[in-house]
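Structure record follows, encoded as structure tokens.
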């Protein structure tokens with residue numbers, strides 16, 4: 001057998017899989033950026049479990065009934081909220097939003113995006129979702145939600161599993177002190193001139209959506225990180241979620257649900273949906289993958305409550321597996337980040353195209369039509 005190698009450089013639109021886009025991204029990125037993108041918490045058990053949960057499932061194809069041709073079905077994918085995307089590509093959030101608009105899927109912008117939410121809202125044809133961290137001072141939440149609503153966002157995703165930063169040891173090893181990269185990490189960055197020129201051509205990425213509270217430190221990543229540690233609520237209770245529900249008059253999803261009983265309570269509180277998962281394996285190590293919670297959670301909820309799964313999606317077939325087990329859709333972060341890190345908007349566009357093509361192909365091969373758990 002000839003040696004199998006992924007392309008490491010060149011046009012990301014020639015990539016044939018998310019794995020190939022990942023290889024291209026990691027070739028282009030220095031360790032400081034690559035580790036932030038790739039790493040999980042502590043022993044990375046939760047990170048690995050997300051992928052293993054999909055790998056354990058096997059399809060059981062049936063003869064097609066012809067009820068719903070694969071070309072006509074919806075592609076149930078949402079780009080998940082991820083912060084500090086400007087570390088991979090200048091203007092990455094705009095690139096991701098444009099790619100999402102072209103693919104007809106929602107883009108969820110993070111509170112700690114490196115682009116103003118009002119600028120993302122200007123992307124033509126975009127279904128713009130916004131992710132919210134709950135701050136200790138609810139007045140800050142109210143102010144931010146006012147801007148989100150004014151920008152035309154109709155779906156809010158409230159994160160409840162990131163009240164403190166996860167212990168990402170491999171990322172921490174690249175720093176001699178807080179905010180100060182080791183000499184080896186800095187030398188490694190210098191060996192990636194294309195990345196440095198593209199990412200830093202207009203200065204370090206900042207956090208413009210919280211800049212009004214950062215003052216003079218709005219462009220300082222270290223100061224912004226400190227502010228977030230001090231101002232994100234150390235605990236989130238149902239009381240805070242009920243307060244946000246009262247403030248927000250659009251659709252609201254709770255992200256980071258780790259137990260079916262909490263999903264039921266979220267729905268009873270007025271949430272329109274839940275996102276099951278463990279924050280991509282970046283927070284509580286050992287937390288269950290969203291896919292493992294899916295069937296029990298779906299059984300607890302009314303049919304009109306949306307159930308999404310996040311974590312570990314690398315193939316269109318993974319999206320199909322989640323759908324067969326009852327998910328209304330899948331949120332993915334790293335897959336499109338590999339694309340944007342490999343080649344900006346073109347790379348993100350290619351990532352979404354790969355996933356959709358794989359999803360539709362898998363539906364045809366499975367026997368498109370009656371999509372039930374009997375086929376998995």
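Yeah, the Cβs are placed from backbone N, Cα and C, and that goes for glycine too.
Note that TrEMBL annotation is computational and uncurated.
According to TrEMBL:
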- 279: active site, proton acceptor (ACT_SITE)
- 36, 133, 168, 279, 282: glyoxylate binding site (BINDING)
- 81, 82, 83, 110, 131, 159, 255, 333, 334: FMN binding site (BINDING)
- 10-376: domain 'FMN hydroxy acid dehydrogenase' (DOMAIN)
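Structure coloured by features recorded in TrEMBL.
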{"residue": "36", "record": "glyoxylate binding site", "DSSP class": "helix"}
{"residue": "81", "record": "FMN binding site", "DSSP class": "coil"}
{"residue": "131", "record": "FMN binding site", "DSSP class": "strand"}
{"residue": "168", "record": "glyoxylate binding site", "DSSP class": "coil"}
{"residue": "255", "record": "FMN binding site", "DSSP class": "strand"}
{"residue": "279", "record": "active site, proton acceptor", "DSSP class": "helix"}
{"residue": "334", "record": "FMN binding site", "DSSP class": "helix"}
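Per Cα geometry, 83 is the residue among the recorded positions 81, 83, 255, 279 nearest to residue 36 (glyoxylate binding site). Looking only at other Cβ atoms within 10 Å, the busiest spot among the binding-site residues 81, 83 turns out to be 81. Looking just at the domain 'FMN hydroxy acid dehydrogenase' (10-376), the mean pLDDT is 93. Our reading of the glyoxylate binding annotation (36, 133, 168, 279, 282) yields a largest Cα to Cα distance of 20 angstrom. Comparing CA positions across the recorded positions 168, 279, 282, the one lying closest to residue 131 (FMN binding site) turns out to be 279.
Nearest by CA distance to residue 168 (glyoxylate binding site), out of the recorded positions 81, 83, 255, 279, 334, is 279. Looking only at the binding-site residues 81, 83, 133, the one with its C-alpha closest to residue 279 (active site, proton acceptor) is 81. Within its own chain, residue 334 (FMN binding site) has 22, 37, 38, 280 as residues 6 or more apart in sequence whose C-beta sits under 8 angstroms from its own. Sequence-distant neighbours of residue 133 (glyoxylate binding site) (same chain, 6+ residues apart, CB-CB distance under 8 A): 111, 112, 159, 162, 228, 232.
Long-range Cβ proximity for residue 282 (glyoxylate binding site), meaning a same-chain Cβ under 8 A and a gap of 6 or more residues, is found for 39, 40, 41, 47, 166, 168. Each of the recorded positions 168, 255, 279 was scored by the other Cβ atoms within 10 Å of its Cβ; the lowest score goes to 168.
A 10 Å cutoff on Cβ-Cβ distances gives residue 131 (FMN binding site) a total of 24 other Cβ atoms nearby, all chains included. The FMN-binding residues named in the record, 81, 82, 83, 110, 131, 159, 255, 333, 334, extend over a maximum Cα to Cα distance of 17 Å. Residue 36 (glyoxylate binding site) is surrounded by 18 other CB atoms, counting those within 10 A of its CB over all protein chains shown.
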